[in-house]
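These features come from Swiss-Prot:
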type     : residues                           : note
BINDING  : 75, 202-203, 228, 257-267, 329-337 : NADP(+) binding site
ACT_SITE : 80                                 : active site, proton donor
BINDING  : 172                                : substrate binding site
């Protein structure tokens, strides 16, 4: 047996490592490895849904660029562009011949997806009107976290993604109308059916998340391995309880709103031309004076280091979570986010960035 040829790694493996610019981390106590950063799919879809969304051609090219650089974890939701985000991710895999097993797809269920059979305008979002949807013959059992609605939503997502399984199925929010046991048993059954590999959750109160985890644990069902929180230098309320709970119980934390819709990526006095920046963030800033001061400090730190502001904000996050979900809208933004892995803030810099923050109203749980 000739062992000499095995003394050095294959050239193909070395080249693959060089091309893989992302950092890879385990998602909580699970065995699943995800990339840091995670590509956010809210930007992927149809501009009719929102004017800052990339169209199909732009999205497919962006997904290819992300994959080639090692960003192999893509986060989306059934409601994003009313399902178009999921469709485009599935199409990108086919168009670029990307093996399904080489990409981690995270999607979400709970919100209503507008039915094209009764509303052909893809720009209309039913997701934000749950009370009205619950009174509609066309939407009952098509949103929320009942067994019936979860199964319906997952089957629809699988078809749009053109895949046999979802790597991480996340519940988009807590559903107080459904018994925790019903929700968790339905999710567990999907894992047993191999339609879902892992379970995750997104923004809710810590006690709600604990109730769901307890329901799964006491019945020996599949538990959540991740929590996707609203979290950034401008919004740190999840540090009160949720992040502590996740760290104590081995749940991997990932963040949405990581750069606060780009506010943490540009100086406070710089006007933005991007539609999302012009039209404002999803949630209201209840303390703009505080936010402007934090943004000023991020800018000052970035200038002193000679790096983009986004890398300062992401370096702060990367030390505290598994990975940030980022709406990467261009190849330049992908490269910028990937280079944040080389930035390590000092204790003094962290204190400087954090000290202007004061507690604020909870946002993003509904």
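A Cβ is built for glycine as well, from the same backbone N, Cα and C atoms used for every other residue.
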Next item on the list: Would you mind reading off the Cα separation of residue 262 (NADP(+) binding site) from residue 80 (active site, proton donor), to the nearest angstrom?
Entry: 19
Check: In whole Å, how far is residue 80 (active site, proton donor) from residue 228 (NADP(+) binding site) when you measure between their Cα atoms?
Finding: 16
Next item on the list: Would you kindly give the Cα-Cα distance separating the residue listed as 'active site, proton donor' and residue 335 (NADP(+) binding site), rounded to the nearest Å?
Entry: 24
Next item on the list: Report, in whole Å, the straight Cα-to-Cα distance of residue 172 (substrate binding site) from residue 75 (NADP(+) binding site).
Entry: 12
Notebook entry, point to check: In which DSSP state, out of helix, strand and coil, do we find residue 172 (substrate binding site)?
Noted result: coil
Check: Helix, strand or coil at residue 335 (NADP(+) binding site), per DSSP?
Finding: helix
Next item on the list: Identify, among the binding-site residues 228, 329, the residue whose Cβ has the fewest other Cβ atoms within 10 Å in this structure.
Entry: 329
Checklist line | Cβ atoms near residue 259 (NADP(+) binding site) (within 10 Å, other residues, all chains) | finding: 24
Checklist line | Euclidean distance between Cα atoms of the residue listed as 'active site, proton donor' and residue 265 (NADP(+) binding site), Å | finding: 23
Check: Tell me, how many other CB atoms lie within 10 A of the CB of residue 332 (NADP(+) binding site), whichever protein chain they belong to?
Finding: 10
Next item on the list: Fill in the CA-CA distance, residue 329 (NADP(+) binding site) to residue 172 (substrate binding site), as an integer in Å.
Entry: 22
